[in-house]
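As recorded in Swiss-Prot:
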type	residues	note
BINDING	109, 113, 119	Zn(2+) binding site
């Protein structure tokens, strides 16, 4: 397992893709294996299978909450992202995408969950989250992952 705490201060917070000013953000990232992620997925989501990424926010959002802007100021710990290495690697190969691009997409996807987005809440929110992902990845010079 590989664990790191990332501080997102460079291109991402200044990106117009967000639509608001962000304080420096900290995210703990754990690159784990399918077995460990499957156990966490079963425990916290009731799904006994591995998934590519799990997001655990430091602050819980209400079920119907929309993402709220984080205003500039002190660094804020958003939460934890846990990725299943084998699943991410397999998906990248199946989708004929470079591993690093797929991994970056999942990190953006998971971070948006930490910011309050939830594509499972409604179709409208799924479209909003997908549009944000595409815009952020474009700012990083990466292609639309949904094509």
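Backbone N, Cα and C define each Cβ position, glycine as well.
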Query = 10 Å Cβ neighbour count around residue 119 (Zn(2+) binding site)?
reply = 16
Ask   = Long-range same-chain neighbours of residue 109 (Zn(2+) binding site), Cβ under 8 Å, sequence gap at least 6?
value = 53, 129, 133
Remark   = Row residue 113 (Zn(2+) binding site), column other C-beta within 10 angstroms, all chains, value 22
Key: 109, 113, 119 excluded, remaining Cβ within 8 Å of their centroid (Zn(2+))   = 55, 110, 112, 117, 118, 129, 133
